[in-house]
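Contents: one structure, followed by commentary.
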Amino acid sequence: MEVVIVPDAAAGGELIAEAMAELLRRKPDALLGVATGSTPLPIYEALAAKVSAGAVDVSRARIAQLDEYVGLPAEHPESYRSVLRQQVLEPLGLEAKAFMGPDGTASDVRAACEAYDKALEDAGGVDLQLLGIGTDGHIGFNEPCSSLASRTRIKTLTEQTRIDNARFFDGDIEQVPHHVITQGIGTILDARHLVLLATGEGKAEAVAATVEGPVAAVCPASALQLHPHATVVVDEAAASELKLADYFRHTYANKPDWQGI
Ligand code: PGA
C-alpha cells in the first residue's frame with residue numbers, strides 16, 4: 001500500500017478529491033464508494049469546489065454507500081442515506097437515482113445485505129472506495145475480528161464505536177443504534193482502488209496497526225495490505241506512530257509525476 005503524509009486534513013481532502021476528479025475525467029460514470037463520519041468532509045468539500053470551478057464534470061457519476069444503521073428510517077437525519085444526500089449528492093448536484101445503498105429498514109436484513117452485494121456487482125463494481133478508520137481499526141462498520149473475507153452483512157457495534165458516534169445523536173449514546181449493515185471486508189476489497197483518509201492523533205495507533213502491523217482481523221483496516229491498489233492518506237498527527245514515516249515521505253516525494261495516487 002502507499003502511505004501519503006499530508007500536512008493537514010484539507011490537504012488530504014484536496015489530494016483525494018483530485019484523484020476522484022482524475023478518475024471521472026477518464027471514466028465519467030465511475031462508481032464512487034463514499035464513507036460517512038467527520039473525516040471525509042474535506043474530500044467532499046474539495047470535490048464540490050472542483051465541480052463549481054468547472055474542473056470536473058460529475059453529472060454521470062454514481063455513488064455507493066458503505067454502511068448504514070439498521071432501523072433508522074431513511075429520512076432520519078442521521079441515517080447515512082440522509083447524511084450522504086446532504087454531504088455528497090446535493091453539493092455535487094446529483095439526483096437520488098445516482099445513489100445506491102443497503103436498505104437499513106428492510107424486514108429481511110439478510111436478504112437486503114445479499115441484494116446490496118449483488119447490486120454493486122451488477123453496477124460493475126466500485127471504482128474508488130473512500131474509507132475512514134475507527135479508533136479500533138474498523139473500516140465501514142467491520143469491527144475488530146470481522147472476517148477478512150466477509151460480505152455485506154449485519155454487525156453489532158462495539159461500545160467504543162457507539163461512544164464515538166454519540167456526538168451525532170446529541171451526545172446521547174442511547175440513541176445510537178446497536179446494529180448496522182456494512183459492506184464486508186471482502187466486499188470492500190473488490191473495489192478497484194481503496195483510499196483511506198485518517199486525520200488526528202486519535203487515529204495514530206489504528207493507522208500504525210493498519211500499515212505496519214500484521215494482516216489481522218483484530219485490525220480490520222489491515223486488510224488493505226491485501227489489496228493491489230490501496231492508498232492511505234494521513235495528516236501529521238495520524239502519522240505520529242508510524243515508524244516508517246520518513247520512508248513514506250521520501251517515496252511519495254520522489255515518485256514519478258504522472259503516477260498519481
Ligand atoms: P470519523 O469516523 O471519520 O468520524 O472519525 C471514521 C469511522 O468510524 O470509520
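Heads up, the Cβ atoms here are built off N, Cα and C, so glycines get one too.
These numbers come from a predicted model, not from an experiment.
Here is what TrEMBL says about this protein:
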type     : residues : note
ACT_SITE : D67      : active site, proton acceptor
ACT_SITE : D136     : active site, for ring-opening step
ACT_SITE : H138     : active site, proton acceptor
ACT_SITE : E143     : active site, for ring-opening step
DOMAIN   : 10-225   : domain 'Glucosamine/galactosamine-6-phosphate isomerase'
SITE     : S146     : site 'Part of the allosteric site'
SITE     : R153     : site 'Part of the allosteric site'
SITE     : K155     : site 'Part of the allosteric site'
SITE     : T156     : site 'Part of the allosteric site'
Most isolated by CB count within 10 A, of the recorded positions H138, K155, is K155
Cα of H138 (active site, proton acceptor) to Cα of S146 (site 'Part of the allosteric site'), in Å and rounded, measures 9
Rounding to whole Å, the Cα atoms of D136 (active site, for ring-opening step) and T156 (site 'Part of the allosteric site') are apart by 14
Counting other CB atoms within 10 Å of each candidate's CB, the least crowded of the recorded sites S146, T156 is T156
Cβ density check for R153 (site 'Part of the allosteric site'), other Cβ within 10 Å (all protein chains) comes to 22
Out of D67, D136, E143, the listed active-site residues, fewest other Cβ atoms within 10 Å surround the Cβ of D136
